[in-house]
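A.B. asks: Before I ask anything, let me first share the structure, which is written out below as structure tokens.
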Amino acid sequence: MYGYCIVFVSYTYNCYFFFNFCYFYMFVSQCSMVVGLLELGYETRFFEVVRYSGMNIFVLRYHNSATKDEDIKNAIEDAGFEADILPESSTVGKMPHGTLVGQFTIGGMTCAACVNSVEGILRSLPGVKRAVVALATSSGEVEYDPGVISKDDIVNAIEDCGFEASFLQSNEQDKIILGVVGVYSVIDGQVLEGIISSIKGVRQFHFDQISGELDVLFDPEVLSSRSLVDAIHGGSNGKFILHVRSPYTRMASKGVEEISTIFRLFVSSLLLSIPLFFVRVVCPHIPMVYSLLLRRCGPFLTSDWLKWALVSLIQFVIGKRFYIAAGRALRNGSTNMDVLVAVGTTASYVYSVCALLYGALTGFWSPTYFETSAMLITFVLLGKYLECLAKGKTSDAIKKLVELAPATALLVVKDKGGKFIEEREIDCLLVQPGDTLKVLPGAKIPADGIVTWGSSYVNESMVTGESVPILKEVNASVIGGTINLHGVLHVQAAKVGSETVLSQIISLVETAQMSKAPIQKFADYVASIFVPLVVSLALLTLLCWYIAGSIGAYPDDWLPENGNHFVFALMFSISVVVIACPCALGLATPTAVMVATGVGANNGVLIKGGDALERAQRVKYVIFDKTGTLTQGKATVTTAKTFTGMERGEFLKLVASAEASSEHPLAKAILSYARHFHFFDTGTENDAGDDVKTGWLFDVSDFSALPGRGVQCLIDGKRILVGNRKLMAENGIHISTEVENFVVELEESAKTGILVAYNDILTGVLGIADPLKREASVVIEGLQKMGVTPVMVTGDNWRTARAVAKEVSIQDVRAEVMPAGKADVVRSFQKDGSIVAMVGDGINDSPALAAADVGMAIGAGTDIAIEAADYVLMRNNLEDVITAIDLSRKTFSRIRLNYVFAMAYNVVALPVAAGVLYPSLGIKLPPWVAGACMALSSVSVVCSSLLLKRYRRPRLTAILEIIVE
């Protein structure tokens with residue numbers, strides 16, 4: 001059995017021991033540290049030393065049975081260092097618990113087969129719980145156990161398969177990546193390392209002087225990210241300037257780097273291919289130049305030497321990426337587009353070289369096809385460059401969302417007494433909860449928070465889709481990324497980093513773009529068999545044309561000059577190999593889903609995944625909750641009547657006291673009405689709203705909320721019940737005919753009747769109205785025109801439910817339904833296989849949202865409802881229900897069109913390339929033309945998906961066939 005010891009080199013003289021992990025902090029030079037470790041190794045018989053970058057971290061593995069903590073301490077002291085043993089409760093070096101979700105950029109993927117290969121490798125790694133790879137974004141998301149596998153192990157596993165990989169970000173709260181300006185020499189780097197090593201709470205760091213990136217792992221309980229930046233900046237006396245590197249910026253830079261690399265390769269290939277074109281086509285018409293090219297130089301002509309040299313550069317230097325990618329695919333037991341390109345170009349190159357050597361040996365000179373190989377690679381690189389440009393545009397939505405967040409924030413610094421000291425500009429990513437931020441007119445709000453001073457109008461359209469500026473005063477909540485229009489605001493940050501609304505929107509869009517729609521399985525299956533099928537078809541083409549020529553099935557005048565049957569058949573075979581394009585199939589779905597999720601976000605509709613997008617286009621029923629969904633959710637008391645002679649003010653005070661502890665919208669309406677009535681009776685001018693103290697209410701005990709019925713509690717030892725008929729019946733409260741008739745009258749006018757019993761006697765009734773949203777009726781009619789059946793479900797009574805349903809023309813109504821019963825209603829519609837959507841906003845809608853095939857949460861609703869839903873309607877507007885369904889239908893129409901195009905291209909192109917039309921029509925595709933077609937096919941599919949960016953939300957006048965003059 002072995003123990004482990006981790007040694008940290010630092011400016012402190014402390015030693016931390018836990019179980020079999022030991023942490024040493026010593027101030028030594030690297031050379032003396034190595035000597036000390038060797039001496040320590042002699043004493044403790046350790047077996048391995050691993051050095052980590054940054055803080056000179058060493059891991060020592062030693063015999064646990066032969067060594068004790070004190071032995072290690074003594075050995076270190078004997079080596080000339082100091083060490084102390086601290087209790088195990090220290091937080092330094094604790095191993096992380098739970099799983100992390102990390103994002104990685106993955107380069108070198110060309111089609112769905114590559115995606116399947118990488119996913120298979122990742123899922124086979126120990127400690128990996130989940131892995132999803134997206135071709136369109138060249139990225140992967142991995143959920144892993146950091147106690148079993150590290151992010152570096154994941155990167156290494158991907159790279160071992162031949163792909164390029166780098167870690168982008170994770171949900172760790174103890175890591176920060178900083179860009180450092182001011183490090184110009186090795187000495188500057190050492191000074192920076194020294195400053196960081198002296199900061200308490202820093203666990204590990206790594207500085208890359210070439211890129212200027214500093215990765216720091218720290219203890220969030222000891223050190224905050226802003227304190228870390230301030231300590232480094234202050235320790236260098238302002239020499240080092242630091243800024244937080246956004247992972248999205250880093251990902252964008254990698255995308256730009258890939259595009260520039262492909263463009264550079266394309267231009268290089270083009271410049272080398274142009275001389276080949278001149279030698280083959282132009283120079284024969286220029287006698288002086290042509291005579292030079294025909295001059296013999298050794299065994300070959302000058303033109304042959306020139307073409308061989310130029311094509312070798314294109315084939316093995318510029319085209320090296322295709323061989324590397326093909327090799328990694330074959331090593332992983334899969335095939336992709338790179339295999340086809342490598343096979344086709346190599347066949348053309350090898351044949352041309354063999355033809356030259358054969359001619360030199362025998363004197364019989366066959367035609368060479370060096371130009372074919374060069375032009376193939378050039379056209380493939382052109383297609384790849386155009387594809388990268390197009391794929392970059394599919395992620396414009398995330399780029400625009402990221403740009404909404406301001407780069408810096410004005411921090412208001414206060415002393416312990418809350419007195420203003422100064423203002424200073426900080427990186428927006430360093431804002432912490434509780435910070436007071438100053439927002440100037442025209443500036444973006446840095447974080448979600450509460451206004452503590454000032455008043456202004458704020459434009460929230462970029463986040464919520466609401467075009468009208470909203471007045472923000474003291475205690476109003478604001479959203480990070482929105483624009484302050486007029487006045488100066490002081491905002492206390494409440495949510496920062498990944499917890500802000502904007503970050504959650506970005507996360508939702510990212511998750512949707514990473515997810516796979518079920519229809520993608522078709523492309524994955526085709527990709528797995530496509531390349532072997534094409535290679536088999538190419539071999540069959542070669543054999544058929546060669547055998548047909550050998551037996552004289554076609555005339556010899558079809559052959560090229562100085563050509564033979566084998567060369568003639570080989571050109572058809574190469575055309576078949578290079579014209580086949582599995583990329584178009586692999587890009588058909590993910591690019592369309594990426595564009596659709598981005599378009600949805602721009603229109604206030606957040607889509608959580610491709611599977612939800614696919615289900616929404618087949619929705620048959622849309623079930624609406626009533627309160628807060630079809631209605632405005634702003635209930636108001638319109639009637640208050642007593643039946644026992646109790647004074648109205650006393651009656652309202654009793655009811656308000658009972659409802660004060662409830663979170664139900666109707667309870668808040670009752671409390672607001674009673675408060676206003678109470679203060680009005682006493683002559684108070686202040687309509688205090690929610691901020692008035694509740695000291696005027698009775699003391700309540702034994703309060704309990706009864707879902708679907710109401711509330712009950714004790715006031716002065718007497719029971720009070722506030723709720724519906726069911727609550728009264730369960731408690732044996734008699735409802736007189738007069739009360740019943742009054743409640744029926746309320747319900748038939750679309751109001752909710754709330755019954756109140758005090759001391760087991762029915763005391764009075766409250767009438768509450770919740771007005772319908774203005775767009776409710778036309779949205780319902782619009783859904784019906786789209787072939788979708790609307791249904792309303794509510795916990796309210798049948799009369800009120802029917803009255804509301806009648807106003808919006810809903811025929812199917814389910815009333816007096818408990819929260820759990822709403823999920824049962826959803827399942828009842830799903831029994832015949834129908835796709836059901838549920839639209840709701842409250843906590844009580846969460847079971848139904850989760851049970852529905854497509855859950856749609858109104859954005860202004862609760863976090864729990866939003867969590868359970870597949871779609872989030874940010875604008876709190878029912879018209880977005882139509883937008884969500886219409887967008888999904890348009891998206892999948894586009895995906896089907898992409899598949900039809902990709903399949904039709906391959907189905908039509910392969911026979912033409914194989915020469916099926918040559919005997920009858922004389923049509924054949926030279927390999928370089930086939931390569932151009934293959935390169936442009938994937939580009940055309942991506943461009944087809946990009947047409948979704950022209951999507952416009954449907955106009956209700958068009959859906960309802962209303963002619964506006």
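Any Cβ shown, glycine's included, is placed from N, Cα and C.
Sharing the record's features from TrEMBL:
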- 100-166: domain 'HMA' (DOMAIN)
- 16-38: transmembrane segment (TRANSMEM)
- 270-293: transmembrane segment (TRANSMEM)
- 305-327: transmembrane segment (TRANSMEM)
- 339-361: transmembrane segment (TRANSMEM)
- 373-390: transmembrane segment (TRANSMEM)
- 522-548: transmembrane segment (TRANSMEM)
- 568-588: transmembrane segment (TRANSMEM)
- 899-921: transmembrane segment (TRANSMEM)
- 927-948: transmembrane segment (TRANSMEM)
A.B. asks: What residues in the same chain, six or more past the boundaries of the transmembrane segment (373-390), come closer than 8 Å to it by Cβ-Cβ distance?
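C.D. replies: For the transmembrane segment (373-390), the nonlocal Cβ contacts are 255, 258-259, 262-263, 265-266, 269-270, 272-273, 276, 310-311, 314-315, 318-319, 322, 341, 344-346, 348-349, 352, 578, 583, 587, 591, 927-928, 931-932, 934-939, 942-943, 946.
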A.B. asks: Counting each residue once, how many in the domain 'HMA' (100-166) are helix, strand and coil under DSSP?
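C.D. replies: Taking each residue of the domain 'HMA' (100-166) in turn, the totals are 22 helix, 24 strand, 21 coil.
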A.B. asks: Find the average pLDDT over the domain 'HMA' (100-166) in the predicted model and report it.
C.D. replies: 84
A.B. asks: Which listed range (522-548, 899-921, 927-948) shows the maximal number of Cβ pairs under 8 Å with respect to the transmembrane segment (568-588)?
C.D. replies: 522-548
